[in-house]
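J.: First, the structure itself, so that you have it in front of you.
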């Protein structure tokens, strides 16, 4: 006899009671596995089994899920049951647990919820595979599993859910082919989102049978082959088709151009080619967005584009389009974005610029990028009549001549203006002063002349002003001091004269660079330069500057590059330059400097390049610090120098004669004895005072992290033996140790003599006390005590990371081939993904938002499985409502992070933000791909890591890629018939572009962590399955 639902419920409850509360979830799982009984009780058991399969149950989200009686599961969080008046009350019809912080696998038991219509588990941390049992949900209409870490393939059995209208499996780690069953059986599907996975193979032609489809997104996968022509048979109500960032090839089928309902169409970043049919846009009247960038399309822009009258974005950059730009844009009254850069467009005659007059009818135009083409001739005055909404205008890297339109100041909405690398002549129009919203003005490498207009001082929002390599003359305008948001100023290689205006150094925001080199500037360097405490680069070489080097340069604490060579400077080198602890390059050559070389320069540990040649220095050359390496210093042309290391080949210095007979030994000896007695008394008094406090308990503790004693740490580290020293920094030293509670640990002993070390200790404890993530270094315990001398002692004990830091792997110190470490490309991408996940957790998913403030390769530690863990939270900031919890003034807060990695806005005292971490992460991405530190000595002041990569992307990518990744870069890049090699190239290019996108100057322009993770997952999946050796190239991955 069949059992009733009530008896099933009672039996299940008795089973749970007999087993006991502690194993209730396991009991539910077992019961669900042993029975296929349906009904209300079956629904409850299926839900409890699902709960038991989770590793993390979302805190309070599933707290209500327990065996509480018939039908009570309908009150559980996320559970929706059918109405009581209906035929089947208490049956689960919806399970909605989006963003519930769940982790674990999706239990097959959910396949028993036979009345389920909607299942939404998106934006959690679920893993494992999609259970085929879900195909039993014959009533299912909505299945959303996006934003998890689900692996495996899409089960073909999903085709049995024939009532599905929405299927979203995006942002996971799915692999394999797209089942043809989706197209063959899911006739009611209106939404299909499979993007941002690792799906491969061809797009099934059966997808063309989805006659109800409205939203279709397969982007960011590894799909290959041609676009099926059957997709042109899709629903007449299809709104979006997104196929970007795959490996699709061939031409766009003509049938696609007949999808008259289409609103958005994207195929960018593929290998598609061919010409666009002349009538392609004839029926696409509703099209709003078309993105075909970074492909191999050629020919002309079809005139039929004018028929797409609703078009807002047209992006065809990075192709081989050529000829004259069409003049049909004037009918696109809703156009906001036009990307034509990096093509082969040309303008031979003045009438070829007619499309600009056409664009003046586009009153909503915001972005116009014509850079990197073959545009020539003179700009028409109609440029000044473009929309006042235009915020981005790029004409760089063309062959444009003539003058800049005098009324360009009419474009009052401009925020970015790129005119560099052309042949512009004449003067800068004074109307530029009307562009009050302008943030970036780049016009270097032209033939501009005349004086720099005073009206430039009206651009108070300007961040970047680069006018170098032109023919400007006259004085540097004093009105530049009005640019109170300026970060970088480049005026090099012009004919400027007069003094450097002292007002320039009152711009407190100037932090990236001042470059006034290679001009005819005169006078002295203003003392006010010391106001720029955050300045990184100062170039004033090759001028006619005279007078002394100002002592105040020593106040520019963040200065890394100082170039003053080829001037008329006199006097001695101020010893204050020794305060510039981050200085890497100092060039004072070819001046009239004299006196001794100050020994303080030897204390600058970062100084790798020092040029003092062709001056009149005298006396002994130091032998330590920068002076210990002859390859990094140049001192020729100073005839009166002596001493130094042997490699300098200088004469020995004559020792001074000592007159010991008249040396006042006795008075000095008595004074020393007295001083020592006083100091000893003070020491005993201080020690006694500290020991009286020893019994008082320390207030420094962390919930869940019991304190450990000083004596335990002494024992664990063999008395902090030098053999156990792992590394040392400004705030502390790290030792390897062994505690009873852990096999091996890392013990960070704070250097409390540094006043900032205690703040570092507090910040790290505060930031990590409630943090739990697989990619964060775990704190084992802490110690806040007194050492055996009565001094305060503080230490943090972490999990030991046996594989060392990422810095050790990217920049190994040893040159012994037998001891070289190698990270292949796939491993590097995995490490970057680990770090991105850690930052995503800190910024968005932790108990409270935390900004790390010091993301760099030495703070990324690797465990025995090479999983990356972000550590060293000594500079971290907890945010409350997006604002740093620890509010300090600019002067007291100082500079955050490490030179080279720190965001430029930190240099001007901005509050810590997640955008700053993203900038540092971007630099880390570039470092891990290029193998170069951001402070590499090969970089010039005008060519940092970002510029170095940008040049590589515009030229030969192999020139900037770490040589450890390429054994034969020439064959690799030119191996056009080798698909795996092309894919590796694409992955590296994508990584470099990601690094540049994350490290943009403007904080709000940087890529958010969620998008970073999506991009890295796509890159990682694109690398999977490649052969380890490519024909014509040997690569690691």
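Numbers run from 1 along the shown chain.
Just so you know, glycine gets a Cβ as well, placed from its N, Cα and C.
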J.: Say Swiss-Prot lists 726, 727, 728, 729, 730, 731, 732, 733, 734 as binding ATP: which of 748, 778 is in the same site, per that record?
T.: 748
J.: With respect to Swiss-Prot, which of the residues 258, 977 bears the note N-linked glycosylation site?
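T.: When Swiss-Prot is consulted, N-linked glycosylation site appears for 258.
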J.: Swiss-Prot tags one of 689-694, 695-700, 701-706, 707-712 as motif 'Nuclear localization signal' - which one?
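T.: Result: 689-694 is the stretch Swiss-Prot calls motif 'Nuclear localization signal'.
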J.: Among the residues 361, 974, which does Swiss-Prot list with the feature N-linked glycosylation site?
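T.: The N-linked glycosylation site feature in Swiss-Prot corresponds to 361.
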J.: Pick from 666-686, 750-770, 792-812, 813-833: which stretch is listed in Swiss-Prot under transmembrane segment?
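T.: Spelled out, Swiss-Prot records transmembrane segment over residues 666-686, not the other listed ranges.
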J.: Are there glycosylation sites among 361, 385, 447, 458, 515, 611 that sit within 10 Å of residue 482 (N-linked glycosylation site), Cα to Cα? If so, list them; otherwise say none.
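T.: Those near residue 482 (N-linked glycosylation site) - Cα within 10 Å - are 458, in sequence order.
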J.: With DSSP as the yardstick, break the repeat 'LRR 1' (89-112) down into helix, strand and coil residue counts.
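T.: Per DSSP, the residues of the repeat 'LRR 1' (89-112) fall into 5 helix, 9 strand, 10 coil.
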J.: Name the secondary structure element type, per DSSP in three states, that contains residue 495 (N-linked glycosylation site).
T.: strand
J.: Please name the residue among the glycosylation sites 385, 495, 515, 611 whose C-beta has the most neighbouring C-beta atoms within 10 angstroms.
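T.: Answer by Cβ density within 10 Å: 515.
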J.: Within 10 Å of the Cβ of residue 334 (N-linked glycosylation site), how many other Cβ atoms can be counted across all chains shown?
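T.: Around the Cβ of residue 334 (N-linked glycosylation site), 15 other Cβ atoms lie within 10 Å.
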J.: Taking each of the glycosylation sites 458, 592 in turn and counting other Cβ atoms within 10 Å of its Cβ, which one has the fewest?
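T.: Relative to the other glycosylation sites in 458, 592, 592 has the fewest Cβ atoms within 10 Å.
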J.: What is the Cβ neighbour count of residue 209 (N-linked glycosylation site) at a 10 Å cut-off, with all protein chains included?
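T.: Neighbour count, Cβ to Cβ under the 10 Å cut-off: 19.
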J.: Are there residues at least 6 beyond the ends of the repeat 'LRR 7' (236-259) whose Cβ is under 8 Å from a Cβ of it, and what are they?
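T.: Distant Cβ neighbours of the repeat 'LRR 7' (236-259) are 195, 203, 212-230, 265-274, 276-277, 279-284, 291, 983, 1018, 1022.
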J.: DSSP on residue 611 (N-linked glycosylation site), three-state: which is it?
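T.: Assignment for residue 611 (N-linked glycosylation site) reads strand.
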